[in-house]
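Trainee: One structure, pasted below without further comment.
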Amino acid sequence: MDGIKVGGLGGTAQFLIGRAMEKDCTLKVERPVYEQEELHRTCGYSKPRSTVLDRIRNSYREWKLVHFLQNLIPIIQWLPHYKWRHDFIGDLIAGITVAVMHIPQGMAYALLGTVPPIVGIYMAFFPILAYSVLGTSRHNSMGTFAVVCLMTGKSVAAYSTQAAEGNTTNAENAIYSPMEVATAVAFMVGIYQLLMYVFRMGIVCTLLSDTLVNGFTTGAAIHVLTSQVKDLLGLKITRYEGPFNIGFAYIEIFNKIEEVNTAALVVSSITIIVLAINNEILKPLVRKRSVIPIPIELMAVIIGTLVSTYINLQDEYGLQPVGDIPTGLPYPTLPAFTIFPKIMMDSFTITMVAYTISMSMALIFAQRHNYEVDSNQELFAQGTSNIVGSFFSCMPITASLSRSLVQETVGGKTQLTSLISCLILLTVMLWIGPFFEPLPRCILASIIVVALKGMLLQAKDLPSFWRLSKLDGLVWIITFLTVVLVDIDYGLLVGLGLSLASILVQGMKPYTCLLGAMPNMDIYLDCNRYKESREIPGIKIFHYCGGLNFATRSHFTNELYRLVSVNPQVELARRNKLERSRTSGWVNSTPEEAREGIVNISFVEQSEDHVDEPTVSTPIRPQASSYGSFTEEKLQIRYIILDFLALSYIDPSGVNALKLLNEAFSKIDITIYLAGISGIYTYINLGS
């Protein structure tokens, strides 16, 4: 009896099957047994035909300008249907809350990029305006993100004039200001994303697996933490670039441990403790009563600014302030195009990381709230946002996990939240910015360190990755160690290479097994996993799950030989050798006996129990099953069924491998049958 696919039956049959399943009944189906060619003739099989022109014509047959504009500019589609009474209050509250978070996080993360703190506010305004119009994710809060800002800061430190004038280890050919390098990186990232959009490469985010992203961001969090130690302790240390920079940084920190600014250490400790108490104790309590969180980061920034102003922490205790924060909007300027050749590789790695992080979060929110996200449109939205931002003194942007979660939690429904947030931040840029100039940098460093908790705790996911797949666990470990011990860029490349290699290794060794029938059931299961399954005498059912191509044909052949316990070449060679040895034995024996096929068993050594038995001559009737290394079980194999129900792809090399197997097994009187072949592979002919 064959398995039943309910989806292919009529409504009445589906109803009967449903009733039968509810009552735990048995459904029996009888039909003729078809070979593939007979099935084609009976059911009228014909191969679908379509040309390239047909596919192009079908793609643009339903093209309409209105639909094109709605897809290109999603706000045109959702804003006219916006539910003002139902969604506006939630978007308003979320916009205010996210704007409050943008201020301290933007100023803090801008320091990671080695640019003025006001740049973080710019990043929460100019690019976000573009993304809110073009983006398809309703809950992503775009702007500053620690890892992307740190990676941008590496390029700024390597190529900027400030790096050349400062105390750094890589200052050659530095002729650009920090802002010129940062905006050039943003522009280059935007160009990469737009090129990916043109070539419909939205699926490229799948190249970075969850394991790789988890290990990479955890290792990058160590770099972010290391970069903030100098501000936490009030030290002035060299900014190292290149491989093993994190080790050199800690060596210098320990060498200068006696120069720690006690006031900076006290302020940092108090800030971290207060933020931790809020996150671990107060926030869960407040969440039970209100969805709006306590703006503890903004409170820390405001209080720190007031204390620094009235106590004069800079002059009295030597605490380094944030510095000049200009008012008003920046003038649009073109990036420094001459630096592009130097930052191409850095920009590409930032592009991959930024897009993967934002797209991963967008898919999570889309699945949770039952709407669709267009991966290619996201490339267009983020690319345009980065190019627009590069004209207004911005670094590359991506989604922030903390802000996005808050935006969703407090009731944000659409990207109108981002527009409301931009309006609030506009007032900060126009009038409030200079208020934060006395703010100690150690407070911003403390905010960054506390925010890293979630990224650092990702290390707890390693055991689950390891239990699921040892290979994925190794990818996580090697990526993490490479990022931490060598450098971020090297870690990403190594992790990407390992991920692709793991896919290749797993693809080259698909799952194989022998299937056995369950007693009294029309079910065939893996004999190695289901102990109650029984193999059919004389038949081996070989199940293969994966693609059969030039890379996997060797594995396919070896696994088939191993599981059926027969190697046709070896068996045929042993048969020929045995035949030669028997022929030689007959020539040396008595001619009459050899011709008649008689052997005298009186020459055989007998035990005492058979002394009195008479001598007899027994005719010999050799059979094919008496050859070589066949055991009794192997002698019974007459048929091998290749279960290709899970065959995903086969190429000409795979077809040739099947033909060679068929020829080899036919020489030892074993017939091969193919079962479960998909319609697109029914042209396979194992005949010569």
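From the backbone N, Cα and C atoms, a Cβ is placed for every residue, glycine too.
Given the structure is predicted, the values throughout are model-derived calculations rather than measurements.
Okay, these came from TrEMBL:
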type	residues	note
TRANSMEM	118-135	transmembrane segment
TRANSMEM	142-161	transmembrane segment
TRANSMEM	181-199	transmembrane segment
TRANSMEM	211-229	transmembrane segment
TRANSMEM	260-278	transmembrane segment
TRANSMEM	290-311	transmembrane segment
TRANSMEM	347-366	transmembrane segment
TRANSMEM	387-406	transmembrane segment
TRANSMEM	418-436	transmembrane segment
TRANSMEM	443-459	transmembrane segment
TRANSMEM	474-501	transmembrane segment
DOMAIN	529-688	domain 'STAS'
Trainee: Is the count of Cβ pairs under 8 Å between the transmembrane segment (290-311) and the transmembrane segment (142-161), pairs 6 or more apart in sequence, 3 or more?
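Mentor: Per Cβ check, the transmembrane segment (290-311) does not touch the transmembrane segment (142-161).
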Trainee: Taking 3+ C-beta pairs under 8 angstroms (sequence gap of 6 or more) as contact, is the transmembrane segment (474-501) in contact with the transmembrane segment (387-406)?
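Mentor: No, the transmembrane segment (474-501) does not contact the transmembrane segment (387-406).
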Trainee: Between the transmembrane segment (443-459) and the transmembrane segment (347-366), do 3 or more CB pairs sit under 8 angstroms, pairs being 6 or more residues apart?
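Mentor: Contact between the transmembrane segment (347-366) and the transmembrane segment (443-459): absent.
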Trainee: Which bits of the chain, at least 6 residues beyond where the transmembrane segment (118-135) starts or stops, bring a Cβ under 8 A of a Cβ in it?
Mentor: 72-75, 99, 102-103, 105-110, 142-144, 179, 182, 325-326, 330, 377-378, 380-382, 384-386, 388-389, 391-395, 397, 415-416, 418-419, 421-422, 425-426, 428-429, 433
Trainee: Which whole-number mean pLDDT does the model give the domain 'STAS' (529-688)?
Mentor: 72
Trainee: Does the transmembrane segment (211-229) make contact with the transmembrane segment (443-459) through 3 or more Cβ pairs under 8 Å, each pair 6 or more apart in sequence?
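Mentor: These two stretches do touch.
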Trainee: Could you give the residue numbers and ranges of same-chain residues that sit at least 6 residues beyond the transmembrane segment (387-406) on either side and whose C-beta is under 8 angstroms from one of its C-beta atoms?
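Mentor: Residues 94, 97-98, 101-102, 105, 110, 113, 115, 119, 122-123, 126-131, 137, 139-145, 148-149, 152, 179, 182-187, 189-191, 194, 293, 329-330, 332-335, 350-351, 353-355, 357-358, 361-362, 365, 451, 454.
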